[in-house]
Amino acid sequence: MMRFALSLARREFVRFIRQPQRVVGSIGQPLLFWAFLGAGLTPSFNPPGMEGMTYLEYFYPGVLMMLILFASIFSTITVIEDRDQGFLQGVLVAPVPRLSIVVGKVGGAAAIAMFQALILLIAAPFIGLMPGIGGSLMVVAALALTSLGFAGLGFSIAWTMKSTAGFHAIMMVFLFPLWLLSGALFPMNNVPAWLDFVMTINPVTHALNVVRGPFYEAPGALFSSGEWLTSLAVLLAWVVLVLWLSVKRVNKREMGAKPSAATA
Amino acid sequence: MIDIEHLKHIYPGSRRQPARTAIHDLSMTVGDGSFCILSGPNGSGKSTLFRILCGLAAPSAGRVRVAGHDMATDAAEVRRIMGVVFQSPAVDKHLSVGENIALHASLYGIRGTELQERMADALSWTDLKDRLGDRVETLSGGLARQVELAKCLLTRPRVLLLDEPTTGLDPASRWSFLTVLRRVQRERGMTVLMTSHVFGEAEDADSVAIMRDGRLIAHDTPAGLRARVGQEVLVIQTRDAEALRPRLAETLGLAVGRYGDELRVDDLPPAEVPRIVEKALNAHRADIQSIAVKQPTLEDVFIHITGKRPAEAGAASDAGGADAKARREGAPA
């Protein structure tokens with residue numbers, strides 16, 4: 001099973017590397033956001049309890065999330081073209097477990113996202129974020145889970161779509177706001193109650209908490225923090241849910257309508 | 001090898017669109033090791049049938065068995081022994097020829113030395129030997145098709161389905177694609193079902209199935225199909241086919257069918273052919289642009305069997321009768 005998935009994931013990665021525009025585009029955009037917003041908002045950024053933190057630093061985990069969001073989406077969007085007239089047709093008629101199609105495609109997309117996130121992690125020490133070995137590993141693991149979450153979400157949406165244009169619409173009104181309202185851009189302190197509610201039920205908020213934690217606190221402290229563990233549970237649940245949904249979608253065959261008494 | 005029983009497929013309706021029946025009670029069998037061409041006008045249900053056969057769609061009713069395995073319950077088993085060449089390319093154009101083939105092979109669990117051997121074997125009959133490292137996007141249409149065929153044959157399928165595989169190829173590429181396919185099919189005793197619009201491709205097949213309006217209206221050997229039209233056909237081109245048809249029928253005392261701006265007399269009595277041509281020319285010289293007597297090709301059969309709308313089939317007396325007879329013979333019980 002895993003062998004099929006690995007073959008498919010490797011294909012995703014090779015395709016990505018061979019399209020340099022994609023590499024440049026998906027790393028470049030978050031970097032520009034980070035640099036511009038960081039520079040522009042740092043002077044006015046002064047939320048209670050975060051004295052001394054520059055916006056550049058506050059926004060950093062959010063930029064990692066954004067990068068992962070875009071990388072996952074750009075990878076899973078290929079599902080739409082591939083499924084009805086392309087490579088995936090051949091995969092669907094091959095004797096391959098449906099689960100490995102999902103794991104291969106989602107895993108490949110997540111690997112691409114991780115590859116870019118790791119490049120951006122090089123910047124962490126320069127803004128004073130230096131977690132220890134354990135903390136660094138936890139950051140990487142948290143980013144990997146987030147990648148699976150976003151890639152799985154993108155996959156399960158893309159699978160049912162007929163056109164990439166439709167997917168772009170969904171991205172702008174659903175996926176991007178998920179990131180926007182995750183605490184990536186602004187902290188949750190003192191926001192209106194409705195916004196607080198939306199941000200609390202947003203799984204990306206929790207993913208961001210899980211990523212942000214190890215930058216500031218020791219692993220031991222995090223594993224005894226109820227808040228962080230809750231966020232971790234939400235993140236895990238999100239990943240499992242989107243993977244399950246994806247497998248369910250792939251398993252679904254186009255069904256003929258049952259003949260009614262009149263037409264039979 | 002492929003058994004289709006009372007297959008029916010209805011596309012579910014939506015608010016704006018009523019449900020549409022694409023396949024009505026279709027039954028047919030493709031024998032082990034035979035080469036069958038499936039043809040029919042656009043919208044006849046070929047593509048729907050193809051999607052059901054390769055397991056991408058589940059029918060509304062009826063049963064499909066491949067090598068005894070039921071497609072509905074045993075799809076995994078069928079996938080192992082089946083290869084599919086789709087109409088739209090199913091190769092990744094960003095990967096090289098070798099990478100595409102290796103990736104496809106890995107989906108069928110073929111790797112290592114076995115892969116090397118099979119790859120060498122599969123490439124021996126293609127023109128891809130020197131292009132293994134090239135990306136598929138740099139290949140010509142004909143070569144890209146060969147990659148597709150090579151990767152499907154590499155898995156040694158017992159059953160191969162192809163959906164209009166030669167669409168978009170020039171005649172030379174088309175010919176070489178089919179020659180290779182036919183040779184490998186014979187060598188391996190593979191069962192092949194291929195949809196096609198090009199009747200030149202069907203002349204060589206073991207059987208030809210023709211669909212129209214979701215029904216199988218004929219399934220026979222090419223010779224058997226030709227015999228339905230008779231040994232020779234008279235084809236007349238004229239400016240006003242509708243006006244000439246009844247007059248010609250009267251002159252000749254034979255049934256005249258109209259297909260577009262062509263008039264046709266099928267199944268000419270062999271001994272009287274010169275006399276018939278003479279009669280036609282004597283009486284209607286001014287109206288006839290061209291006149292030909294020819295042995296029917298499969299294209300003629302196709303026109304004969306499908307070329308009419310049901311309404312016309314009822315009106316045209318004798319030709320309509322022959323048509324209905326053909327449909328009775330071909331139609332599943």
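Here the Cβ of each residue, glycine as well, is placed from N, Cα and C on the backbone.
Per TrEMBL, these features apply:
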- A:21-253: domain 'ABC transmembrane type-2' (DOMAIN)
- A:21-39: transmembrane segment (TRANSMEM)
- A:59-80: transmembrane segment (TRANSMEM)
- A:101-127: transmembrane segment (TRANSMEM)
- A:133-155: transmembrane segment (TRANSMEM)
- A:167-186: transmembrane segment (TRANSMEM)
- A:228-247: transmembrane segment (TRANSMEM)
| message | With pairs fewer than 6 apart in sequence excluded, do the transmembrane segment (A:21-39) and the transmembrane segment (A:133-155) have three or more C-beta pairs that lie under 8 Å? | response | no
| request: Among A:101-127, A:167-186, A:228-247, point out the range having the most Cβ pairs under 8 angstroms from the transmembrane segment (A:59-80). | output: A:101-127
| task | Please work out which recorded stretch in A:21-39, A:101-127, A:167-186 has the most C-beta pairs separated by under 8 angstroms from the transmembrane segment (A:228-247)? | result | A:101-127
